[in-house]
Amino acid sequence: GLPVCGESCFGGTCNTPGCSCTWPVCTRD
């Protein structure tokens with residue numbers, strides 16, 4: 001739901017729990 005997780009995912013993975021990679025940033029549901 002929230003657009004930003006405060007993390008980028010140029011490598012394709014997110015370290016923040018509950019976040020997924022919508023390149024090039026991590027997004028939350």
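Just so you know, glycine gets a Cβ as well, placed from its N, Cα and C.
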Exercise. Just choose from CYS19, CYS21 the cysteine that Swiss-Prot connects to CYS9 via a disulfide.
Key: CYS21
Quiz item: Where CYS9 (disulfide bond) and CYS26 (disulfide bond) are concerned, what is their Cα separation in Å, rounded?
Solution: 6
Quiz prompt | Nonlocal residues around CYS5 (disulfide bond), in sequence order (Cβ under 8 Å, 6 or more apart) | solution = CYS14, THR16, GLY18, CYS19, VAL25, CYS26, THR27, ARG28
Quiz item: When the number of other CB atoms within 10 A of each residue's CB is tallied over all shown chains, which of the disulfide-bonded residues CYS19, CYS21 has the maximum?
Solution: CYS19
